[in-house]
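J.: For Asp16, His204, His206, Asn240, the entry in Swiss-Prot reads Mn(2+) binding site. As annotated by Swiss-Prot, domain 'Pyruvate carboxyltransferase' applies to 7-269, with the evidence given as sequence analysis. Per Swiss-Prot, the feature region 'Regulatory domain' maps to 395-517; the stated evidence is similarity to another entry.
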Amino acid sequence: MTQTNRVIIFDTTLRDGEQSPGAAMTKEEKIRVARQLEKLGVDIIEAGFAAASPGDFEAVNAIAKTITKSTVCSLSRAIERDIRQAGEAVAPAPKKRIHTFIATSPIHMEYKLKMKPKQVIEAAVKAVKIAREYTDDVEFSCEDALRSEIDFLAEICGAVIEAGATTINIPDTVGYSIPYKTEEFFRELIAKTPNGGKVVWSAHCHNDLGLAVANSLAALKGGARQVECTVNGLGERAGNASVEEIVMALKVRHDLFGLETGIDTTQIVPSSKLVSTITGYPVQPNKAIVGANAFSHESGIHQDGVLKHRETYEIMSAESVGWATNRLSLGKLSGRNAFKTKLADLGIELESEEALNAAFARFKELADKKREIFDEDLHALVSDEMGSMNAESYKFISQKISTETGEEPRADIVFSIKGEEKRASATGSGPVDAIFKAIESVAQSGAALQIYSVNAVTQGTESQGETSVRLARGNRVVNGQGADTDVLVATAKAYLSALSKLEFSAAKPKAQGSGTI
């Protein structure tokens with residue numbers, strides 16, 4: 001492929017991002033994220049690892065049936081059954097890709113694969129040829145490429161290009177590289193690889209040294225024209241390269257890179273909020289682009305400069321990345337059509353009239369408690385309602401909390417398990433402890449609480465509380481979320497949400513070795 005100034009954005013939030021502890025998503029949640037990614041304008045959506053479990057296959061297949069503009073991709077090991085499952089999963093998509101990989105570093109080949117270099121090349125070529133039976137768009141990844149020998153990489157990349165690979169991905173699997181080395185590595189590898197100019201070269205950088213974005217940009221300087229990234233930099237260990245940071249770096253410093261993307265940057269913040277809400281991973285306030293403080297100025301000198309001319313201290317506008325200037329949304333007199341229109345403006349799509357009616361009913365309840373409804377309220381409300389509808393195993397109905405100074409708080413809670421109403425009571429060292437003990441007295445999940453957190457959705461004492469609960473049982477870790485103006489109600493909802501996800505994840509065991517790149 002000839003050098004171009006167009007950068008392909010490959011989003012792997014639904015695959016590599018979901019491998020963050022507790023970030024597992026239901027099929028319905030993945031579809032919501034995929035729709036938002038398409039609205040964001042990403043070129044490729046890596047929808048999952050189809051062979052990992054029946055649940056993963058179902059989610060990839062559902063996304064393939066839903067997405068029409070972006071290419072839908074499934075990851076697969078260089079194993080025939082994996083590749084065929086990936087091909088079947090993405091088959092309904094108008095634009096489809098299979099992404100297959102094998103490790104290429106000496107340490108991985110010797111200790112993990114227990115294969116000789118020649119055997120690795122043969123497996124890679126076979127994998128690409130099988131993938132080409134399903135689609136002309138085949139990506140091949142050299143796992144742990146940045147710790148691989150460059151001459152061997154050139155050999156294996158040349159072989160898979162001849163076999164039909166159209167994109168070659170070079171992952172920094174353990175976040176080991178530094179930017180100037182990354183640029184040199186890409187430049188040398190592309191030059192050494194037979195037919196290296198006929199394919200798209202891709203970078204997939206992990207953030208173990210905090211350099212994922214810098215390394216991705218360096219790879220582009222070295223000749224890559226695809227970057228693999230996630231919303232909010234979500235990913236296992238220290239995370240992946242952040243899509244919002246890469247895109248805005250290319251846009252703001254167009255003078256240095258001269259590169260373009262197809263991203264609608266006004267959808268960056270809505271995408272960030274959706275992924276954060278669904279996964280339960282909050283965005284740190286000082287996170288570039290999407291953090292709450294990203295466009296805040298405390299210094300009097302800075303404030304004065306910004307008031308006189310924004311560009312004195314801002315290199316991009318808040319509006320350009322999707323921060324709304326007027327966040328006041330709706331009130332108690334707002335009707336259903338206004339509510340529906342506002343959701344559309346926020347990029348929130350509900351799948352059915354039933355879902356819209358349920359969300360509108362929740363909105364009316366909230367409007368009776370809260371005078372001003374902001375965009376953030378609607379995001380939290382809809383996510384909470386959708387979570388309740390989709391995770392049917394455990395559902396909150398009502399609760400009563402009794403507290404008195406010097407006495408143990410008591411929680412009386414009513415909830416349902418698969419439609420069957422349950423009642424439970426318990427005392428605890430505090431109201432939260434009492435709620436969890438009451439639920440567990442019936443659920444008997446055996447899960448351990450790892451994290452409990454509450455965040456105010458907006459400012460003011462009337463704000464909704466958005467609660468996150470992380471539960472662990474065995475090797476399964478899940479996050480549950482709940483939102484309500486009563487933080488104790490939100491707490492119960494979050495715990496029940498986590499239990500539902502725990503049951504869901506237990507029903508879809510992962511394939512052994514389904515790993516990462």
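Heads up, the Cβ atoms here are built off N, Cα and C, so glycines get one too.
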J.: Quick check: in three-state DSSP terms, what is His204 (Mn(2+) binding site)?
T.: strand
J.: For the recorded Mn(2+) site, enumerate neighbouring residues of the same chain (Cβ within 8 Å of the Cβ centroid of Asp16, His204, His206, Asn240, site residues themselves excluded), in sequence order.
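T.: Everything else in range on the chain: Thr12, Pro171, Thr173, Cys205, Asn207, Ala212, Glu228, Cys229, Thr230, Gly235, Gly239, Ala241, Thr516, Ile517.
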J.: Give me the long-range Cβ neighbours of His204 (Mn(2+) binding site): same chain, 6+ apart, Cβ under 8 Å, in sequence order.
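T.: Looking at Cβ-Cβ distances below 8 Å from His204 (Mn(2+) binding site), excluding near sequence neighbours, one finds Thr12, Ser141, Asn169, Ile170, Pro171, Asp172, Thr173, Val227, Glu228, Asn240, Ala241, Ile517.
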J.: Please count the residues of the region 'Regulatory domain' (395-517) that DSSP assigns to helix (H, G, I), strand (E, B) and coil.
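T.: Helix/strand/coil tally for the region 'Regulatory domain' (395-517): 33 helix, 51 strand, 39 coil.
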J.: Output, ordered by sequence, the same-chain residues six or more apart from Asp16 (Mn(2+) binding site) with a CB under 8 Å from its CB, or 'none'.
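T.: For Asp16 (Mn(2+) binding site), the qualifying residues are Glu46, Glu228, Thr230, Gly235, Glu236, Asn240, Thr516, Ile517.
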J.: Just jot down the residues in the same chain as His206 (Mn(2+) binding site), at least 6 apart in sequence, with C-beta under 8 A of its C-beta; none if empty.
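T.: Sequence-distant Cβ neighbours: Pro171, Asp172, Thr173, Val174, Gly175, Ala212, Gly235, Arg237, Ala238, Gly239, Asn240, Ala241.
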J.: Over the region 'Regulatory domain' (395-517), what is the model's average pLDDT?
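T.: Per the prediction, mean pLDDT sits at 89 for the region 'Regulatory domain' (395-517).
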